[in-house]
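Student: Have a look at the structure that comes next, please.
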There are 2 protein chains.
Amino acid sequence: MMRTRPLKVALLGCGVVGSEVARIMTTHADDLAARIGAPVELAGVAVRRPDKVRAGIPAELLTTDATALVKRGDIDVVVEVIGGIEPARTLITTAFEHGASVVSANKALLAQDGASLYAAAEQHGQDLYYEAAVAGAIPLIRPLRESLAGDKINRVMGIVNGTTNFILDKMDTSGAGYSEALDEATALGYAEADPTADVEAFDAAAKAAILAGIAFHTRVRLDDVYREGMTEVTAADFASAKQMGCTIKLLAICERAADGESVTARVHPAMIPLSHPLASVREAYNAVFVEAEAAGRLMFYGPGAGGSPTASAVLGDIVAVCRNRLNEATGPGESAYTQLPVSPMGDVVTRYHISLDVADKPGVLAQVATVFAEHGVSIDTVRQQGKDGEASLVVVTHRAPDAALSGTVEALRKLDTVRGVASIMRVEGE
Amino acid sequence: MMRTRPLKVALLGCGVVGSEVARIMTTHADDLAARIGAPVELAGVAVRRPDKVRAGIPAELLTTDATALVKRGDIDVVVEVIGGIEPARTLITTAFEHGASVVSANKALLAQDGASLYAAAEQHGQDLYYEAAVAGAIPLIRPLRESLAGDKINRVMGIVNGTTNFILDKMDTSGAGYSEALDEATALGYAEADPTADVEAFDAAAKAAILAGIAFHTRVRLDDVYREGMTEVTAADFASAKQMGCTIKLLAICERAADGESVTARVHPAMIPLSHPLASVREAYNAVFVEAEAAGRLMFYGPGAGGSPTASAVLGDIVAVCRNRLNEATGPGESAYTQLPVSPMGDVVTRYHISLDVADKPGVLAQVATVFAEHGVSIDTVRQQGKDGEASLVVVTHRAPDAALSGTVEALRKLDTVRGVASIMRVEGE
């Protein structure tokens, strides 16, 4: 039952992802038509430089007027792959107003304004899909929103930024320092000229906000996510991690509190045991661990970025939205009915690995241990190494609230016998 | 917008999975209602022994008359967790005829009669969902059918049977033989009293047929799947695998031929390198690797069986079907438009690891190498070990059609200098 009027797709942005979406739509047109139940065609492409030659895209489809394109009224699906907040936000809401559904890969916008975009979509009876916004090609949003819709998710922990995983993997395998590994990532095209969004974890924090919201059926704003970049991870940290049978990853962690009454979301570097499946995620790959009450532990793994993988996720969404339109229906909208409060980082229960430079004299360990005890933090292991009147003390704690752990570190800094705190890192993934 | 009439679910079967579905529907009723947009209630449970006490299920819901239950006409979703071909098949088609959609966990039935069940669902405007039929709680069917609907899948390779993975993992880690490991699996409840369906790979073959059909948008019948069990894998095979830096897994492999004009599906034990992500799938876990043209390499990992994980998958489907009903729509039906032929095992291109007992005298290697060359099979490595006039020769081939490889083995058996073929195993996962 193939209807004759093709579904029309407008593309906003024709960079690495957009051009790949256009290419696949053209080369796989027959497959897409068979899977949707109707042909789908590229009806317009908004670009900044219309004079640039774009292989496979007829020049007459190109326009610099994105607003006019989304206002045309005959567009079924607007694909937004511009990124950033504006003009993407206005274009998306304008698309809804003019009867189009939207497929977006824009994590920053979704993390900041997801709720209002959902509201606009619902108001106009349109779909908002964004599988490509988190973890590239890895099917993650749909499994969380749909496959696990009958389960209770308690934890989402993952590597959601390929650039920083590439850098940390290089540091781990080659012993390189941060800047050296960053240079290699830049040279190979894994890091942008200005790597701030990646290495300071703004990108991962946006993804954490999106994942936490979906997993816990609540709203988590970007500002709710605790964020710590990975620029201060050193080769010495990796050496410490190795001694513990661990490696270091930049993790996005979304958790439901033990009492179920609040949630937390955070992004920071952390040591994880080499036996943990996330430890073996190499290079620029992404992987996300999901713990659900009935399903148990699931993991989703794949390329987290790149033109083709991201285009695959965008096209999956295009097919879904087109099928919905043929059904005269919409897919699942926002599910934020639980309205759980987001607790601050201090409430997160975690473990610390603390490396101290201390005076090499009797009684230091007792002093240090007393500080931990006073803050209610229980010590798991201590390793002491002396050299020439100086000594180092490596303490790994049991689980405790982050506030108690950071309070402990603050108090340790004030001890005369503690010369310095060489490194602090959280330990995850037991 | 909560409508007042609740959606009604009928449960066929109340064993390990069914009772868990019922429990979650009761304890998480509010969450399910919020996610669906309407309350959902258990309207009846067909069981064989109605007198058995079932915690949390009101006795008045129990019936032995499954046919009357699916014919009631007020049922929205029939959940079939009986298993086997009949009466499951007749009950499912009767459910469609009486206006109910169906969620099934029945891999054997779907592998055998998927096409006719889909046709019945479509004829009556109903949904057929079966996430739980393959790889338990792991979201796999939905990602393949929906997330990757805009991509071209070339290969699906996975561990889809938990029982056999548990046995092989035990053999690998403890050096145990097959029967010893099977005994442990039985004692721990991982293997059934009659383990035939698992160890002879009937279960995995059914899943391979389902996965191949979905991945390649074609029909693959159970009979099309090449099937080899794992009862003949020995401790010696594991020792050989270790020497090659490999382990042994029972793999389901579905491939599109290089020319794209045919597909293959097979299940057999195979050596895979320890560096391959599937090698580290331990105990009764499942994991499936998917290679798609644009998305690249994806992996899905999680518990492949058990009451709770399977119930999680069933409930995800119940939520999806209920949402569809509120939308007065149906989800994606069968997608078998490519109608690609399924090639026989002889056409599959793979590698062999062959261990031969040979006479320890000059010229044997030359003889053996000639046989490989005559069959057009190129040798990757040879390892020769002599002892007391006897020697062993371990040959690993390059990729070649399975027919050429098995023809080579047949010819080798006829050589006077070859005393016996100690083991043959395929090598996968480069």
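Positions of Cβ are set from backbone N, Cα and C atoms, glycine also.
Under the heading active site, proton donor, TrEMBL lists B:K207. TrEMBL lists B:L12, B:G13, B:C14, B:G15, B:V16, B:V17, B:G18, B:S19 with the feature NADP(+) binding site. Annotation comment: TrEMBL describes B:K107 as NADPH binding site. Residues annotated as L-homoserine binding site in TrEMBL: B:E192. The feature domain 'ACT' is assigned by TrEMBL to B:353-426.
Distances, neighbours, how buried they are, the whole picture for these features please.
Tutor: In sequence order, B:K107, B:A111, B:A133, B:V134, B:A135, B:V160, B:N161, B:A252 make up the list of same-chain residues 6 or more apart from B:K207 (active site, proton donor) whose Cβ falls under 8 Å from its Cβ.
Cβ neighbours within 10 Å of B:V16 (NADP(+) binding site), excluding its own Cβ and spanning all shown chains: 14.
Sequence-distant contacts of B:E192 (L-homoserine binding site), defined as residues of its own chain at least six apart whose C-beta falls under 8 angstroms from its C-beta, comprise B:T163, B:T186, B:D198.
Helix, strand and coil counts from DSSP across the domain 'ACT' (B:353-426) read 23 helix, 35 strand, 16 coil.
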Student: Cβ-Cβ under 8 Å from B:G13 (NADP(+) binding site), same chain, 6 or more residues apart: which ones?
Tutor: B:A46, B:V47, B:E80, B:V81, B:I82, B:G83
Student: Summarise the model's confidence over the domain 'ACT' (B:353-426) as a mean pLDDT value.
Tutor: 92
Student: To test your reading of the NADP(+) site: which residues beyond B:L12, B:G13, B:C14, B:G15, B:V16, B:V17, B:G18, B:S19, same chain only, put their Cβ within 8 Å of the Cβ centroid of those residues?
Tutor: B:L11, B:E20, B:V21, B:A22, B:V81, B:I82
Student: Which secondary structure state does DSSP assign to B:V17 (NADP(+) binding site), in the simple three-class scheme?
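Tutor: Where B:V17 (NADP(+) binding site) sits, the three-state DSSP reduction gives helix.
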Student: Taking DSSP as the reference, which of helix, strand or coil describes B:K107 (NADPH binding site)?
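Tutor: SS state of B:K107 (NADPH binding site) = helix.
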Student: Counting every protein chain present, what is the number of Cβ atoms, excluding its own, within 10 Å of the Cβ of B:S19 (NADP(+) binding site)?
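Tutor: The Cβ of B:S19 (NADP(+) binding site) has 21 Cβ neighbours within 10 Å.
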Student: Which three-state DSSP class does B:L12 (NADP(+) binding site) fall into?
Tutor: strand
Student: Minimum Cβ neighbour count within 10 Å among the binding-site residues B:G15, B:G18: which residue?
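Tutor: Counting other Cβ atoms within 10 Å of each of the binding-site residues B:G15, B:G18 gives the minimum at B:G15.
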